[in-house]
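What TrEMBL lists as domain 'Glycerol-3-phosphate dehydrogenase NAD-dependent N-terminal' is 2-34, 36-133. Per TrEMBL, NAD(+) binding site is recorded for Gly7, Ala8, Gly9, Ala10, Trp11, Gly12, Arg228. According to TrEMBL, the feature NADPH binding site maps to Trp11, Arg31, Arg32, Lys75, Ser113, Arg228, Glu254. The substrate binding site annotation in TrEMBL covers Lys75, Arg228, Asn229. Look at TrEMBL and you will find Lys75, Gly109, Lys164, Asp217, Ser227, Arg228, Asn229 tagged as sn-glycerol 3-phosphate binding site. The annotation domain 'Glycerol-3-phosphate dehydrogenase NAD-dependent C-terminal' is assigned in TrEMBL to 153-293. Feature annotation from TrEMBL assigns active site, proton acceptor to Lys164.
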Amino acid sequence: MKIAVIGAGAWGSTLAGLVRENGHDVSIWSRRSERSLNDTIANAELVISAVSMKGVRSVIEQISTPIPAIVTATKGLDSQSGSDQALPLLPSQVWQSAFAKSAIAVLSGPNLSKEIQQGLPAASVVASQDQTLADQVQRAFSSSRFRVYTNSDPLGVELGGTLKNVIAIAVGACDGLQLGTNAKSALVTRGLAEMIRLGTTWGAKSETFYGLSGLGDLLATCSSALSRNYQVGFGLAQGRSLDEILTNLEGTAEGINTSQVLVRLATEQGISMPISTQVDRLLRGEITPQLAVNELMQRDSKPEG
Ligand SMILES: NC(=O)C1=CN([C@@H]2O[C@H](COP(=O)(O)OP(=O)(O)OC[C@H]3O[C@@H](n4cnc5c(N)ncnc54)[C@H](OP(=O)(O)O)[C@@H]3O)[C@@H](O)[C@H]2O)C=CC1
Ligand SMILES: O=C(CO)COP(=O)(O)O
């Protein structure tokens, strides 16, 4: 297949490597490429977008050629949408609104790019309402070291990968404060409950969040110092400023933008997101990591659920 990958960051380069290894004809575009974006994607049967959320709209605006099928691997929420109770758009929805006729799939899962680049085994999920596309993408990526499942709940798959980044910041802070394994397990579990509460209110299936793109990615991101989101939380707990952390961070931590968009809308909609709310306050410099822990521990007693 002729495949074009947009974005030559950590994830775009890794994804390009996976499909190239499977014998596909792969071209990759970045802002530093000499070849234009439109030339790069012309005649591609599949376009894979792995740009960070802040680049999605600007990339789309540059495209003037039709695209038959798009796979988006971005994990974020669009900050230009989602006011007055309207839901913020997910990356696939931004693509779909610009390319109404294109088939769209999302790729998400516990996929720390550095481990995949080292050749370590991993699994992922491709979700689409178009089963033919999901099957095609599954075949394009599957190998003895990259196992791909299909899923028919793209909204749940995309939200899982997006929301877990906020929880990973919380867990990074928990580890930075050396609060122990019990606290970390509680955060991950209650974080998942929060993801499911919001996700199902927004229309995703609860069971999707127990799969690779939800719980799977939550576990990967919350247990690895390779995660940029985890590193942000860890650094804040060690007393470093967000500016200093971002200056030294290798790559994008989507949870920062996601928490802002998410918490604003969850508050408007009356959806309880206590962990995400404390992460948002922490990132805004409104609270210290230790005070955020105190606030979470001293919330009103309630049944689990
Ligand atoms: N790294 C990982 O392990 C994984 C990352 N992801 C997700 O993939 C996305 C990209 O992550 P990653 O590659 O790690 O991040 P990097 O920081 O390594 O790369 C950022 C990417 O976004 C592009 N980009 C950023 N701003 C713009 C802009 N204004 N216009 C156009 N392009 C822009 C960059 O383009 P350019 O190439 O031109 O510099 C680059 O390709 C994120 O949403 C992330 O959550 C998902 C799974 C795993
Ligand atoms: O999404 C990821 C792993 O699945 C990458 O996590 P970070 O963006 O936190 O590095």
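Heads up, the Cβ atoms here are built off N, Cα and C, so glycines get one too.
Keep in mind the model is a prediction, meaning the values are calculated, not measured.
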Considering the binding-site residues Ser113, Ser227, which residue's Cβ sits among the greatest number of other Cβ atoms within 10 Å? Ser227
Cα-Cα, whole number of Å: Arg228 (NAD(+) binding site) versus Glu254 (NADPH binding site)? 9
Whole-number Å distance between the CA of Gly109 (sn-glycerol 3-phosphate binding site) and the CA of Ala8 (NAD(+) binding site)? 19
Say you check the Cα of Arg31 (NADPH binding site) against those of the binding-site residues Ala8, Ala10, Gly12; which is nearest? Ala8
Suppose we screen the binding-site residues Ser113, Arg228, Asn229 by Cβ distance to ligand 2 with a cut-off under 6 Å; which survive, in sequence order? Arg228, Asn229
Counting other CB atoms within 10 Å of each candidate's CB, the least crowded of the binding-site residues Arg31, Arg32 is Arg32
How many Å lie between the Cα of Ser113 (NADPH binding site) and the Cα of Asn229 (substrate binding site)? 14
Please determine which of the binding-site residues listed here (Asp217, Glu254) has the lowest count of neighbouring CB atoms within 10 Å. Glu254
Cβ contacts within 10 Å for Lys164 (sn-glycerol 3-phosphate binding site), all chains included, total 32
Sequence-ordered binding-site residues from Gly109, Arg228, Asn229 with Cβ under 6 Å of an atom of ligand 1: none
Between the binding-site residues Ala8, Ala10, Trp11, Arg228, Asn229, whose Cβ has more other Cβ atoms within 10 Å than any of the rest? Asn229
